[in-house]
Amino acid sequence: MTAPTVIMGLEQAPTTHPKLLAWVREVAELTTPDSIVWCDGSEAEWTRLTSELVAGGSLVPLDAEKRPNSFWARTDPSDVARVEERTYICSVDEDDAGPTNNWMAPAEMKRLMTELYRGSMAGRTLYVVPFCMGPIEAENPMFGVEITDSAYVVISMRIMTRMGSHVLEAMGDDADFVPALHSVGAPLRAGEADVAWPCSPTKYISHFPEERLIWSFGSGYGGNSLLGKKCYSLRIGSVMGRDEGWLAEHMLILRLTSPQGRVYHVTGAFPSACGKTNLAMLEPTIPGWKVETLGDDIAWMRFGSDGRLYAVNPEFGLFGVAPGTDWRTNPNAMRTLAKGNSLFTNVARTDDGDVWWEGMGEPPAHLTDWKGNDWTPDSDELSSHANSRFCTPIKQCPILSDAYDDPRGVPIDAILFGGRRKTTIPLVTEARDWVHGVYMGATLSSETTAAAVGQVGVVRRDPMAMLPFIGYNAGDYFRHWIEMGKGAGDGAGQSALLPKIFYVNWFRRDADGGFLWPGYGENSRVLKWVIERLEGTAAAVDTPIGYVPTPESLDLDGLEITPEQVRAVLAVDNDEWRAEIPQVTEWFEKFGDKLPGVLWAELDALKARLGVE
Ligand SMILES: Nc1nc2c(ncn2[C@@H]2O[C@H](COP(=O)(O)OP(=O)(O)OP(=O)(O)O)[C@@H](O)[C@H]2O)c(=O)[nH]1
Ligand SMILES: O=C([O-])CC(=O)C(=O)O
Ligand SMILES: [Mn+2]
């Protein structure tokens, strides 16, 4: 095992990058760690850090046969999800944060957080984590460096990003990078024992969009602490995309091959805990169709020289919702996890060193639950937190597409927007054109989930599934989407090159509260209809809200579903849609002048089709 590079000064730093060295020095002087470790991303480093975390009680190793090189972590019960109320976009101009973000002036936030960071790493190690979002071979590799005082964050970043010495080397002395500072905010006095999950009751997740800078304090939970993910790839990424003409989106990416061997690529934006990972790894139930995974959470999309929109997954791992994941629902996730090398956070542990969570078949007679307590099937509480997560290398996914590492990405044929709605929204609706599709995305609604702290099950607008992740004024973001629709190719015949947009809802319920649609692998039937619409072969009903399948146009062969259920899951109830109009109007009014006029025009056209004044 190699010894860690412990340095008191910075003389032994494995880089001569002046900006990086200066930043590490400045942070070290402010946060006063005991030591600085430059992470190299090696196997030896993983082994050393996981061993230290096991020794300190932060991780429990799982059974080496069942879950090789895998670990169980439990967070502090107060630190289990993203904290949207504590997340800030500190743009210079308040108007650039817009009505959907918390805002504080950058200088004020820096003053406030500087005091929080002062001495915050005392008694701890400062880790420097060089990483790259997307392939390092890209024309413009998207570098970042995270400074963190959490070894859990380091090992998670090693799974979730391309990370380590090779990144630092590729950065040379002058590459641009996004500095991302993270502290759990729990300094240790001399001799004070650490806790298993250090964190602070005071939390700030701050973004300085003009500087492309991230400061996170107080939380160890992934969405708040793995700063390459939501903070860089979505919030800062969306600002870069606005300025440079591309899109950073909360989307899965998959490749679909038809029985005739035709290849298509689909992205899907569904809010947190609404089915991206599951769709991305789907095992089709209809014969002859094949799905390959490219990404399960984030897509960066830009136009290629051929005028088509190409998508890249900037991530290197999967940070997926555990509950509900099972051999019946998502066998490819189970196969990915079976290869080991994974972290499980806030799930339950079995007595024989495996993991268990709600939805994974019959519960064992006894478990240790996510709070560390004894649990039996009679228990009133869930064994696993509803937002418990697995963190696992995407390279272990057995159906990973061979295009995954291609810096050019894959050309997108269809974009799905989707939400979790008990009523109103049909299984699938095709937009009339790009602007109508942007309207669908801009008005997307979904019931809140456990992925963020707060009440669960409340319907809210979640535009493009990006409500917590748009790093600027959402009105400007809608305009950017509209403009992107004009940007395909050289202008001639461009709309033919644009992806077609669809709106899906796997979560519609019957009167008894049961799901009307079986979901998971059966969603391949919806993907088939989408492809047949692209090919011009599937029938649809022209409804006020868009094109909805005729019951006969959906392949329901071999599916146990009654004609009434099919009718109900596809139904467009004009009364329900009329009831949405005041909510959409109120939503649009939030954006004042920033809302593109064409979206108001879409709403007016919808009202006219529904016969609303
Ligand atoms: N009923 C039903 N549930 C689903 C379906 N797809 C996913 N789920 C459940 O929804 C929850 C979240 O699914 P994920 O695929 O992990 O969600 P995600 O969109 O990747 O979420 P984030 O990682 O939070 O962005 C899990 O409990 C799944 O089992 C479906 O088609 N039908
Ligand atoms: O960021 C996280 O914690 C996980 C995630 O994908 C989401 O919440 O959308
Ligand atoms: Mn997500």
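From the backbone N, Cα and C atoms, a Cβ is placed for every residue, glycine too.
Just so you know, TrEMBL annotations never went through curation; they're auto-generated.
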Seminar exercise, completed: Among S35, S42, S272, S445, TrEMBL assigns to the substrate site of R82, Y221, G222, G223, N387, S388, R389 just S272
Seminar exercise, completed: Filtered by Cβ distance under 6 Å to ligand 3, the binding-site residues R82, Y221, S272 reduce to S272
Exercise. Which whole-number value in Å describes the distance between the Cα atoms of G275 (GTP binding site) and D297 (Mn(2+) binding site)?
Worked result: 10
Problem set entry | Local backbone state of R82 (substrate binding site), from DSSP in three classes | strand
For this session: Find the shortest Cα-Cα separation between N387 (substrate binding site) and the recorded positions K230, A273, C274, Y520, and name the residue that gives it.
Result: A273
Exercise. How far is it from Y520 (GTP binding site) to G223 (substrate binding site), counting Cα to Cα, in Å?
Worked result: 24
For this session: Identify, among the binding-site residues R82, H250, the residue whose Cβ has the fewest other Cβ atoms within 10 Å in this structure.
Result: R82
Seminar exercise, completed: A 10 Å Cα radius around T277 (GTP binding site) captures, of the binding-site residues R82, Y221, H250, D297, R389, exactly D297
For this session: Report, in whole Å, the straight Cα-to-Cα distance of K230 (Mn(2+) binding site) from S272 (substrate binding site).
Result: 11
Seminar exercise, completed: Listed in sequence order, the residues of the same chain lying six or more positions from Y221 (substrate binding site) whose CB sits under 8 Å from its CB are T75, D79, V80, A81, R82
